[in-house]
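Feature annotations, reproduced from Swiss-Prot:
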| type | residues | note |
| --- | --- | --- |
| BINDING | Asp23, Gly152, Gly213, Gly234, Ser235 | D-ribose 5-phosphate binding site |
| ACT_SITE | Lys80 | active site, schiff-base intermediate with D-ribose 5-phosphate |
| BINDING | Arg164 | D-glyceraldehyde 3-phosphate binding site |
Amino acid sequence: MDKSTWTTKVGLAQMLKGGVIMDVVTPEQARIAEEAGAVAVMALERVPADIRAQGGVARMSDPELILAIKEAVTIPVMAKARIGHFVEAQILEALGIDYIDESEVLTPADEEHHINKHKFRVPFVCGCRNLGEALRRVAEGAAMLRTKGEAGTGNVVEAVRHARAVYSEIRRLQSMDEDELFTYAKNIQAPYELVRQVAETGRLPVVNFAAGGIATPADAALLMQLGVDGVFVGSGIFKSGDPARRARAIVAATTHYNEPEIIAEVSRGLGEAMVGIEISKIPHDQLMAERGW
């Protein structure tokens, strides 16, 4: 079968723009997410907060669970593969998954190589902390990006840091001449053509969502106002007191991110948010955002 072109895959990811993608671990949660207005769900055996708490090696989810979630909803279904584990990605493609997330939330399988995403028909989403990581992933074939944040913490600070880093670097590029762009591309180890394209257009060549620590409607609106194209919510919904209501509220806040009155209204009476973790209290070797290169 002919491989889809990268442009086609980028177009598929564009269709999710402005939406919320939710982590789910059961078909019932997937249905709650769909009813709340999620544009896609991420099928997982454990949400990031549980992966962080339980430790051990985190791998691709059981295909049976992924297929059960796929059958439960009509919206697109994503699933995670380990960084560099192209066989997990091949399995997910064979299962008919709509998007594959090469994710630092799982334990990396290869400490030198990311997956060559051009070899797959399915669009990939990858995490990034800065413009260099973003453009290196695009060069490998990623059709969609997201901030890494610090998953499973309920703490939005790292997602904010990564979003601001990407957009401030894009603004810097726009003031550079050709010689400076060449040097900059070399320094961030990204292809010059991609760097030049970003400098000319003032934006990334693919959609960029926020992920990692988003727990409230206000968190979602904050990242949208910073310039992201949509949000991933992992542990923040189903680790909270009233998941269905919080899911609807986060969708509303993402849609109406520039309307404080609406965000204030949907934020009322949501029950207990997930218990968060202070980033400085996490041992350095347990930081998920550090995975990948």
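Just so you know, glycine gets a Cβ as well, placed from its N, Cα and C.
Listed in sequence order, the residues of the same chain lying 6 or more apart from Asp23 (D-ribose 5-phosphate binding site) and placing their CB within less than 8 Å of its CB are Val41, Met42, Leu44, Val47, Pro48, Phe232, Val233, Gly234, Ser235, Ile237, Phe238.
Within 8 Å of the centroid of the Cβ atoms of Asp23, Gly152, Gly213, Gly234, Ser235, where the record puts D-ribose 5-phosphate, the same chain has further Cβ atoms from Val47, Pro48, Ala49, Ala151, Thr153, Gly154, Gly212, Ile214, Val233, Gly236, Lys239.
Note: the Cα of Gly213 (D-ribose 5-phosphate binding site) and the Cα of Arg164 (D-glyceraldehyde 3-phosphate binding site) are spaced 15 Å from each other. Of the listed binding-site residues, namely Gly152, Gly213, the sparsest CB environment within 10 A is found at Gly152.
Its own atom aside, the Cβ of Ser235 (D-ribose 5-phosphate binding site) has 26 Cβ atoms within 10 angstroms in the protein chains shown. Cα separation, Gly152 (D-ribose 5-phosphate binding site) to Lys80 (active site, schiff-base intermediate with D-ribose 5-phosphate), rounded: 15 Å. The recorded positions considered are Lys80, Arg164; of these, Arg164 has the fewest other C-beta atoms within 10 angstroms of its C-beta. Secondary structure at Gly213 (D-ribose 5-phosphate binding site), taken from DSSP and collapsed to helix, strand or coil, is coil.
The two recorded residues Arg164 (D-glyceraldehyde 3-phosphate binding site) and Lys80 (active site, schiff-base intermediate with D-ribose 5-phosphate) have their Cα atoms spaced 25 Å from each other. Asp23 (D-ribose 5-phosphate binding site) carries a strand DSSP state (E or B).
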